[in-house]
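**Student:** The structure's right below; bear with me while I get my questions together.
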Ligand code: ATP
């Protein structure tokens, strides 16, 4: 017999678990040993050895190795071994860079791993889905991805989308009924939920019957082994650029070689120099360093509470021009407290702080008792019944909330009056529930009292409940909802909302015992309105500044909320979001507008209120059509389409559903708006850092090629020997470039307008900087070479050593200039300790190869006399300081 054919009793027998308490920890570890982790087996990964060898597969590197081999055979042992060693070092560097990049990408995957809520030792706990074992009892609700194969034991309006398994994108309704027959297809197993499928509505509880490869998903896991390689637009652009650079470098090298041969240099030397130059000038380290800069940035972002799920988002973040953010929990603290009540045309105040269930009820400054007032009694007690929140106390006076904060606030208000859920459940039995969803903005339960009378309790957005009501409970009885009453209710709502309070209305409706209700719309009508709860949800203190900083950075913040227009406006004002010319649009108005009509006004809208998640997509589209790069936050299933459509989809780490997280490219671990700002700042910084080392690497390469080219044109001897060229390449491609990737942002990084996503790598003067600095590095090196060579034409090795030292130092000085878009003086040049150390160690390495005799032999260097160091320093400074100087003159 298969699981769908068994009743719960038979399943419990078979799988040996306790439906009320779940498994014990000992049992879990026993089963983990038996069944292993709940994981699908992954495909083969590239082995470390393979990765290492792949470092040497570049065409030019192979040519270099062959050339070296030949020179070795011809007797140039030392040269050959040295070149091999450098190529090997280069390979090792590349290997570690790529390994590091890969590792951090893996760590990212780990961080965004799914979780599940399971019953263990009688307590509901959240664990990584990987740790689920057969026999676990798991709970799931709308937005969750099911973590294992499950036989459903409890289902409330449960619907699951199973397209991952069945290809059918319409969600299937689920229940707990036994299904007869062996050969039932997965699509028809309505009492089962499968790993990898997604809850789109309602909630449920089930017992795990299969994990890992023993799930329906595991059986087709092989088909799912599509490894997505995620490259960012910049990486792709650099790849193209790399190809162009290879051609340019090869062409120039060829030119150097040809001119050299024409000038009478011997073929063999020119060949080896040419190949070395080509290897040096091709920025083969670029892609790996870019990946490292991206992934290091991503790690910095994790420290600031945001997880990047898709690497390209790092770049897009820097382009964001609009942030559309949810209000509740993102801009506000989501710590709600009921402070006002309205019923029977009276306003009461409630005292007390946070979730501590102690406080007094006051009417016109006099203490009152809700238990003695039938209206307030209903208002408070019904709000506890139609509610899933729980208050947890582990220590005295330390109350934590388990559940939705809005419901928590209602629960605490009721507890303050002395109502408890336990007592209420003695009086009422809950028969059925229609869960809350942000599109309906309400929730309903059906209860039966001791007398066998049934009625529905609905709680939800007041403006919507008013429309659905036909009477109001006042003066101890149901009264017809006249226009006068409607006005009174609306005024009550508005007066609470103006104080930035979130409002929830409670209503009820008598029901017929015989009728069964399938759809909520059958119940949510002709209600009797009882009253209102008004709750505060203070803004997060850091959000106001974050919004201001975004504004300075040319990024507009838009608040999107399901809350009442007036509440939203009041909070928007508090946060400095609403200016005199700002518009506030509500969901009803949005419904009447086409995307085109919205485009016309959307740039002026600061607040969208009383919207449903479905509206978010329209807002994203309108903004994008106006040329904006949109960041959009969300948490529920219905938010997923908008999150996906946005340029940067952002999901909430705490309140977000799996579905929202999976659609997103960024997850906020703390659900905080200020974190979005921090992520954007980091995104801009990462991009700037990448620009920094592209600029540095390419200018260095241009310098290396030009010094050789100019020397050949001027019929000079070779200013650098091959091994020196390779050494320069190793040192400059290595530490200093990586240190630039770790640089801190410039002060004005959040004072600039967002970058255009169409902007090329060399935009904003970068191309000019590369060529001009590179040109000067080449010329300055050549001048140093010529001066020394003219002085003593018999000692070519000495002149070459001077050229070598000048080239290296010119690059090491220039690297400080690369830290700023403005000039080397615009920030403390020694502000990046990594860079300072990278440069110091490169200088030490330079001195070692010049002054340590065994290495000096290898690198064909001779000791430089102190006087010539002055020349070297002067020449090496020119490329950086000459242009900075000209900049000054220009400005004046
Ligand atoms: P956002 O998170 O987008 O800023 P929100 O959280 O205020 O918005 P929703 O959660 O969609 O938006 O809530 C919309 C309205 O529905 C609220 O203003 C409130 O009146 C009502 N509401 C919220 N939570 C519940 C609930 N648990 N039960 C019944 N009604 C609710």
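Placement of Cβ uses the backbone N, Cα and C atoms for every residue, glycine included.
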**Student:** Can you identify, from 655-676, 721-742, the stretch that TrEMBL calls transmembrane segment?
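**Tutor:** Based on what TrEMBL states, transmembrane segment spans 721-742.
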**Student:** With the ranges 244-262, 301-319, 320-338, 339-357 to choose from, which does TrEMBL describe as transmembrane segment?
**Tutor:** 244-262
**Student:** Quick test of your reading of TrEMBL: among 796-813, 814-831, where does it put transmembrane segment?
**Tutor:** 796-813
**Student:** Can you identify, from 210-238, 268-296, 384-412, the stretch that TrEMBL calls transmembrane segment?
**Tutor:** 268-296
**Student:** Would you mind telling me which of 77-96, 97-116 TrEMBL tags as transmembrane segment?
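**Tutor:** Matching range for transmembrane segment: 77-96.
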**Student:** Out of 48-71, 120-143, which range is noted as transmembrane segment by TrEMBL?
**Tutor:** 48-71
**Student:** Cβ pairs under 8 Å only, please: of the recorded stretches 244-262, 268-296, 693-715, 721-742, 834-854, which one is richest in them relative to the transmembrane segment (770-790)?
**Tutor:** 693-715
**Student:** To the transmembrane segment (721-742), which of 77-96, 244-262, 268-296, 693-715 is linked by the most Cβ pairs under 8 Å?
**Tutor:** 268-296
**Student:** DSSP on the domain 'Cation-transporting P-type ATPase N-terminal' (2-76): how many residues come out helix, how many strand, how many coil?
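**Tutor:** Tallying H, G and I as helix, E and B as strand, the rest coil: 44 helix, 1 strand, 30 coil.
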**Student:** For the transmembrane segment (268-296), which partner among 77-96, 244-262, 693-715, 834-854 gives the most CB pairs under 8 Å?
**Tutor:** 244-262
